[in-house]
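Visitor: Here Swiss-Prot flags 18, 45 as Mg(2+) binding site, drawing on sequence analysis. According to Swiss-Prot, the feature sn-glycerol 1-phosphate binding site maps to 166, 167, 168, 169, 170, 171, 172, 197, 198, 219, 220, an assignment based on sequence analysis.
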């Protein structure tokens, strides 16, 4: 099955592993797999080389029975060991480099050196706190209180033709995207909708899952309290 077809069906849980933060990335991956995660995202906003991400993906693939997908923080974070890559465009960045500049460079690299890697074009929309991703990409995060603005961005992403929209509250965010914000994006975007950042409990995961995103991502929780992953995943599956 193609990665796109896998992602667009139902609501899944993905675990984000940032090798720059997690020395014990295999331990986190094992926890996540045992808890029932549906996939692994690998990447981060800072300090990851191509050789590093290649080794991390190879190691995780050796134990994983689910897709392992690159979540790149820069054009150096690519490897053909993965099942696919989220080809991110930060729609609300104030710097054109993060909207289209890096994508031009990355597209050439993908075509020349990673032709077998499945590419999922992804409109990356920073909300709320934004975290490191918002800071590094020089974004103007959308306030939690403005689902109407998120809807406008998601509608634009739909008309442009992105395969996915990713609502990102940021790593370790104080709160996740509120349900009404997820609902607003879902109303106008018919393909893959991803929500991540600030999800720390089964109750919160359940309220988000009820809005029918395709993927709910947890990262900081997996690093700090991996034993809670089971609670999150069960809540998503029960929604």
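Cβ from N, Cα, C; glycine included.
Show me how these features fit into the structure around them.
Guide: Its Cβ taken as reference, residue 18 (Mg(2+) binding site) is surrounded by 25 other Cβ atoms within 10 Å in the chains shown.
Around residue 166 (sn-glycerol 1-phosphate binding site), the C-beta neighbours below 8 angstroms that are at least 6 residues distant in the chain are 86, 88, 122, 123, 124, 125, 194, 195, 196.
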Visitor: Which one is it, among the binding-site residues 168, 172, 198, that lies nearest to residue 18 (Mg(2+) binding site) by Cα separation?
Guide: 172
Visitor: Can you tell me the three-state DSSP label for residue 18 (Mg(2+) binding site)?
Guide: coil
Visitor: For residue 172 (sn-glycerol 1-phosphate binding site), just give me the three-state DSSP call.
Guide: coil
